[in-house]
(Lines of atoms letter the chains of each structure in order from A and count residues from 1; the text may use other names and numbers.)
(Lines give C-alpha, C1' and ligand atoms only; values in the text may rest on other atoms or scores of the structure.)
Protein backbone atom coordinates (compact mmCIF):
# COMPACT_ATOMS: atom_id res chain seq x y z
CA UNK A 1 0.00 0.00 0.00
CA UNK A 2 1.26 3.47 -0.91
CA UNK A 3 2.24 5.65 2.05
CA UNK A 4 0.66 9.12 1.70
CA UNK A 5 2.81 12.23 1.38
CA UNK A 6 1.66 15.77 2.17
CA UNK A 7 4.13 18.46 1.18
CA UNK A 8 3.98 22.19 1.82
CA UNK A 9 5.19 24.50 -0.95
CA UNK A 10 5.88 27.79 0.80
CA UNK A 11 6.61 29.57 -2.50
CA UNK A 12 8.04 33.09 -2.06
CA UNK A 13 7.13 33.43 1.61
CA UNK A 14 9.26 33.42 4.71
CA UNK A 15 11.55 35.13 7.21
CA UNK A 16 13.79 33.77 9.94
CA UNK A 17 11.07 34.46 12.50
CA UNK A 18 8.35 32.90 10.36
CA UNK A 19 10.37 29.73 9.71
CA UNK A 20 11.15 29.15 13.38
CA UNK A 21 7.59 29.88 14.48
CA UNK A 22 5.85 27.86 11.76
CA UNK A 23 8.07 24.79 12.17
CA UNK A 24 7.71 24.92 15.96
CA UNK A 25 3.93 25.05 15.61
CA UNK A 26 3.96 22.26 13.03
CA UNK A 27 5.89 20.05 15.41
CA UNK A 28 3.23 20.57 18.07
CA UNK A 29 0.31 20.06 15.69
CA UNK A 30 1.79 16.90 14.16
CA UNK A 31 2.74 15.15 17.40
CA UNK A 32 1.79 11.50 17.14
CA UNK A 33 1.20 11.53 13.38
CA UNK A 34 2.91 8.50 11.84
CA UNK A 35 0.63 7.40 9.02
CA UNK A 36 1.53 10.18 6.60
CA UNK A 37 4.91 11.45 5.42
CA UNK A 38 5.32 15.21 5.78
CA UNK A 39 7.69 17.52 3.91
CA UNK A 40 8.06 21.28 3.60
CA UNK A 41 9.74 23.30 0.86
CA UNK A 42 10.75 26.74 2.14
CA UNK A 43 12.62 29.24 -0.03
CA UNK A 44 16.17 27.93 -0.55
CA UNK A 45 17.85 30.37 1.81
CA UNK A 46 15.71 29.07 4.69
CA UNK A 47 16.10 25.32 4.11
CA UNK A 48 18.98 24.99 6.56
CA UNK A 49 17.17 27.01 9.22
CA UNK A 50 14.02 24.91 8.73
CA UNK A 51 16.08 21.73 8.96
CA UNK A 52 17.51 22.81 12.31
CA UNK A 53 14.07 23.83 13.56
CA UNK A 54 12.66 20.44 12.50
CA UNK A 55 15.55 18.38 13.93
CA UNK A 56 14.32 15.33 15.84
CA UNK A 57 10.86 15.44 14.22
CA UNK A 58 9.44 13.49 11.28
CA UNK A 59 9.23 16.63 9.12
CA UNK A 60 11.35 16.26 5.98
CA UNK A 61 12.81 19.06 3.89
CA UNK A 62 12.36 19.88 0.25
CA UNK A 63 13.06 22.62 -2.26
CA UNK A 64 11.04 24.44 -4.89
CA UNK A 65 13.41 24.14 -7.86
CA UNK A 66 16.82 22.90 -9.01
CA UNK A 67 19.28 23.72 -11.79
CA UNK A 68 20.45 21.23 -14.41
CA UNK A 69 24.09 21.85 -13.63
CA UNK A 70 25.96 20.53 -10.59
CA UNK A 71 28.51 23.37 -10.43
CA UNK A 72 30.16 26.09 -12.49
CA UNK A 73 29.47 29.54 -13.89
CA UNK A 74 25.69 29.59 -13.55
CA UNK A 75 24.89 32.74 -11.60
CA UNK A 76 21.90 32.60 -9.31
CA UNK A 77 21.31 28.86 -9.61
CA UNK A 78 21.21 26.07 -7.01
CA UNK A 79 22.41 22.55 -7.83
CA UNK A 80 21.11 19.15 -6.81
CA UNK A 81 24.41 18.52 -5.02
CA UNK A 82 23.88 21.68 -2.93
CA UNK A 83 20.31 20.73 -2.06
CA UNK A 84 21.45 17.25 -1.08
CA UNK A 85 24.27 18.70 1.02
CA UNK A 86 21.93 21.02 2.91
CA UNK A 87 19.44 18.24 3.66
CA UNK A 88 16.63 18.70 1.13
CA UNK A 89 15.17 15.44 -0.21
CA UNK A 90 11.90 16.24 -2.04
CA UNK A 91 12.52 18.63 -4.94
CA UNK A 92 9.60 20.24 -6.76
CA UNK A 93 10.05 20.53 -10.52
CA UNK A 94 7.69 21.55 -13.29
CA UNK A 95 5.41 23.70 -11.16
CA UNK A 96 3.06 25.71 -13.36
CA UNK A 97 4.52 28.95 -12.01
CA UNK A 98 7.96 27.85 -13.29
CA UNK A 99 6.47 26.70 -16.60
CA UNK A 100 4.62 30.01 -17.01
CA UNK A 101 6.94 32.69 -15.59
CA UNK A 102 10.26 31.05 -16.50
CA UNK A 103 9.15 29.38 -19.74
CA UNK A 104 10.33 25.95 -18.59
CA UNK A 105 9.61 23.27 -21.19
CA UNK A 106 8.67 19.62 -20.73
CA UNK A 107 12.13 18.70 -22.04
CA UNK A 108 13.97 20.92 -19.53
CA UNK A 109 11.87 19.58 -16.66
CA UNK A 110 12.60 15.99 -17.73
CA UNK A 111 16.33 16.78 -17.63
CA UNK A 112 15.94 18.17 -14.10
CA UNK A 113 14.12 14.95 -13.17
CA UNK A 114 17.11 12.92 -14.40
CA UNK A 115 19.62 15.06 -12.49
CA UNK A 116 17.67 14.62 -9.25
CA UNK A 117 17.45 10.84 -9.70
CA UNK A 118 21.19 10.66 -10.36
CA UNK A 119 21.83 12.48 -7.08
CA UNK A 120 19.52 10.22 -5.08
CA UNK A 121 16.94 12.95 -4.52
CA UNK A 122 13.17 12.61 -4.93
CA UNK A 123 11.62 14.54 -7.83
CA UNK A 124 8.15 15.91 -7.21
CA UNK A 125 7.02 16.29 -10.81
CA UNK A 126 4.16 18.76 -11.20
CA UNK A 127 1.83 18.29 -14.15
CA UNK A 128 -1.54 19.73 -15.05
CA UNK A 129 -3.63 21.57 -17.57
CA UNK A 130 -4.65 25.21 -17.91
CA UNK A 131 -8.27 26.34 -17.76
CA UNK A 132 -8.40 26.66 -21.55
CA UNK A 133 -6.98 23.16 -22.00
CA UNK A 134 -9.47 21.81 -19.48
CA UNK A 135 -12.40 23.42 -21.25
CA UNK A 136 -11.14 22.06 -24.57
CA UNK A 137 -11.15 18.53 -23.17
CA UNK A 138 -7.36 18.24 -23.36
CA UNK A 139 -6.62 17.36 -19.71
CA UNK A 140 -5.50 13.80 -20.43
CA UNK A 141 -3.54 14.83 -23.52
CA UNK A 142 -1.59 17.47 -21.57
CA UNK A 143 -0.87 15.21 -18.60
CA UNK A 144 0.28 12.40 -20.91
CA UNK A 145 2.61 14.75 -22.78
CA UNK A 146 4.17 16.04 -19.56
CA UNK A 147 4.70 12.49 -18.21
CA UNK A 148 5.99 11.22 -21.56
CA UNK A 149 8.82 13.77 -21.46
CA UNK A 150 10.26 11.59 -18.67
CA UNK A 151 8.92 8.19 -19.80
CA UNK A 152 10.30 8.42 -23.34
CA UNK A 153 13.76 9.59 -22.29
CA UNK A 154 14.31 7.72 -19.02
CA UNK A 155 11.81 4.87 -19.03
CA UNK A 156 9.20 3.89 -16.46
CA UNK A 157 11.92 2.84 -14.02
CA UNK A 158 12.71 6.53 -13.48
CA UNK A 159 9.40 6.89 -11.63
CA UNK A 160 10.40 4.35 -8.98
CA UNK A 161 10.58 6.31 -5.72
CA UNK A 162 9.47 9.52 -7.45
CA UNK A 163 6.36 11.62 -6.78
CA UNK A 164 3.90 13.10 -9.26
CA UNK A 165 1.74 16.08 -8.29
CA UNK A 166 -1.34 16.67 -10.42
CA UNK A 167 -2.04 20.38 -10.17
CA UNK A 168 -4.72 21.72 -12.51
CA UNK A 169 -3.39 25.20 -13.26
CA UNK A 170 -6.86 26.71 -13.04
CA UNK A 171 -7.10 25.59 -9.38
CA UNK A 172 -3.75 26.87 -8.10
CA UNK A 173 -4.18 29.80 -5.74
CA UNK A 174 -7.64 30.54 -7.12
CA UNK A 175 -9.79 29.01 -4.40
CA UNK A 176 -11.22 26.69 -7.06
CA UNK A 177 -10.56 22.99 -6.72
CA UNK A 178 -11.30 19.97 -8.85
CA UNK A 179 -14.07 17.89 -7.33
CA UNK A 180 -12.85 14.67 -5.70
CA UNK A 181 -14.36 12.70 -8.60
CA UNK A 182 -12.67 14.92 -11.21
CA UNK A 183 -9.32 14.66 -9.46
CA UNK A 184 -9.64 10.88 -9.04
CA UNK A 185 -10.39 10.46 -12.75
CA UNK A 186 -7.19 12.28 -13.72
CA UNK A 187 -5.10 10.47 -11.09
CA UNK A 188 -6.38 7.13 -12.40
CA UNK A 189 -5.52 8.20 -15.94
CA UNK A 190 -1.98 9.12 -14.85
CA UNK A 191 -1.48 5.79 -13.12
CA UNK A 192 -2.95 3.86 -16.05
CA UNK A 193 -0.73 5.79 -18.48
CA UNK A 194 2.43 4.80 -16.59
CA UNK A 195 1.08 1.24 -16.24
CA UNK A 196 1.23 0.85 -20.02
CA UNK A 197 5.01 0.95 -19.58
CA UNK A 198 5.29 -0.74 -16.16
CA UNK A 199 2.29 -1.79 -14.08
CA UNK A 200 4.30 -2.46 -10.92
CA UNK A 201 5.88 0.99 -10.83
CA UNK A 202 2.55 2.62 -11.70
CA UNK A 203 0.96 0.95 -8.69
CA UNK A 204 3.74 2.16 -6.39
CA UNK A 205 4.16 5.77 -7.55
CA UNK A 206 2.76 8.44 -5.24
CA UNK A 207 0.39 10.81 -7.03
CA UNK A 208 -0.46 13.92 -5.03
CA UNK A 209 -3.24 16.38 -5.74
CA UNK A 210 -2.52 20.09 -5.64
CA UNK A 211 -4.70 23.09 -6.35
CA UNK A 212 -6.40 24.91 -3.49
CA UNK A 213 -6.23 21.93 -1.11
CA UNK A 214 -7.44 23.09 2.29
CA UNK A 215 -8.71 21.82 5.63
CA UNK A 216 -12.30 21.61 4.39
CA UNK A 217 -11.81 19.60 1.19
CA UNK A 218 -8.81 17.40 2.10
CA UNK A 219 -10.66 14.43 3.62
CA UNK A 220 -12.97 14.03 0.63
CA UNK A 221 -10.03 14.21 -1.79
CA UNK A 222 -7.96 11.66 0.14
CA UNK A 223 -10.88 9.22 0.22
CA UNK A 224 -10.24 8.65 -3.49
CA UNK A 225 -8.17 5.52 -4.20
CA UNK A 226 -5.58 7.10 -6.49
CA UNK A 227 -4.99 10.33 -4.52
CA UNK A 228 -1.96 9.65 -2.32
CA UNK A 229 -1.57 13.00 -0.57
CA UNK A 230 -1.26 16.63 -1.51
CA UNK A 231 1.10 19.35 -2.59
CA UNK A 232 -0.22 22.26 -0.53
CA UNK A 233 0.35 25.95 -1.22
CA UNK A 234 -1.29 28.67 0.85
CA UNK A 235 -2.65 26.36 3.55
CA UNK A 236 0.89 25.14 4.30
CA UNK A 237 1.72 28.56 5.75
CA UNK A 238 -0.67 27.96 8.66
CA UNK A 239 0.34 25.15 11.01
CA UNK A 240 -3.19 24.29 12.11
CA UNK A 241 -4.61 24.15 8.58
CA UNK A 242 -1.66 22.14 7.27
CA UNK A 243 -1.94 19.70 10.17
CA UNK A 244 -5.63 19.08 9.42
CA UNK A 245 -4.66 18.14 5.85
CA UNK A 246 -1.90 15.79 7.06
CA UNK A 247 -4.21 14.12 9.57
CA UNK A 248 -6.92 13.75 6.92
CA UNK A 249 -4.45 11.90 4.69
CA UNK A 250 -3.39 9.67 7.58
CA UNK A 251 -7.00 8.83 8.47
CA UNK A 252 -8.12 8.20 4.89
CA UNK A 253 -5.28 5.86 4.03
CA UNK A 254 -5.56 3.89 7.27
CA UNK A 255 -9.28 3.34 6.77
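Quick reminder: no glycine exception, Cβ is built from N, Cα and C everywhere.
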In Swiss-Prot, 9, 10, 11, 212, 233, 234 are given as binding substrate, so which of 56, 161, 173 is in that site too? 173
Same chain, 6+ residues apart, C-beta under 8 Å of the C-beta of residue 11 (substrate binding site), given in sequence order: 43, 64, 97, 233
Could you tell me the C-alpha distance between residue 212 (substrate binding site) and residue 95 (active site, electrophile) in angstrom, no decimals? 14
Quick check for you: of the recorded positions 10, 167, 173, 234, which have their Cα within 10 Å of the Cα of residue 95 (active site, electrophile)? 167
Restricting to the same chain and to sequence separations of six or more, state which residues have a Cβ under 8 Å from that of residue 173 (substrate binding site). 212, 233, 234
